[in-house]
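What TrEMBL records for this protein:
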- S64: active site, schiff-base intermediate with substrate (ACT_SITE)
- H69: active site, proton acceptor (ACT_SITE)
- C84: active site, proton donor (ACT_SITE)
- S64: pyruvic acid (Ser) (MOD_RES)
Amino acid sequence: MAKTLGLHILADLYGVNPDLIDKVEDIRHLLESAVKVAGLTKISSHYYQFQPHGATGVVLLAESHISIHTWPEHGLATVDVYTCGDPLKAYRSMEYIVSVLKPTRIDKQVFERGLVGESEDAELRSSLLNTYR
């Protein structure tokens with residue numbers, strides 16, 4: 001049976017209150033809280049304050065990453081959540097971010113990454129057997 005190794009959620013959040021996404025301190029708190037709420041494992045993080053407005057941040061996870069880039073002058077935040085393992089953790093972290101930022105519109109794409117399964121295993125075994133015959 002085939003399964004996916006990761007879930008990747010990309011979301012453009014429109015109509016966000018600019019005060020929520022202008023300062024790097026708020027972005028840091030948002031992402032760090034999303035990691036905790038979802039039960040993810042933080043390895044490291046990096047944040048940057050743009051001038052005159054906006055911030056960006058990324059949290060490197062044992063499970064992959066969460067990132068955000070903001071344009072407060074447009075009420076826009078772009079969010080990227082990619083996790084391996086339990087897909088519910090990706091959904092939980094994105095739901096938390098959306099619940100805090102309260103966008104008026106969300107454009108979202110969800111991708112299953114790394115499809116593996118029995119047919120792949122059978123092809124690999126066959127290839128290895130033919131290589132060493």
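Just so it is clear, glycine is given a Cβ too, placed from its N, Cα and C backbone atoms.
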Proximal but sequence-remote residues of the same chain as C84 (active site, proton donor) (Cβ under 8 Å, at least 6 apart): L5, G6, E63, S64, G114
Cβ atoms near S64 (active site, schiff-base intermediate with substrate) (within 10 Å, other residues, all chains): 21
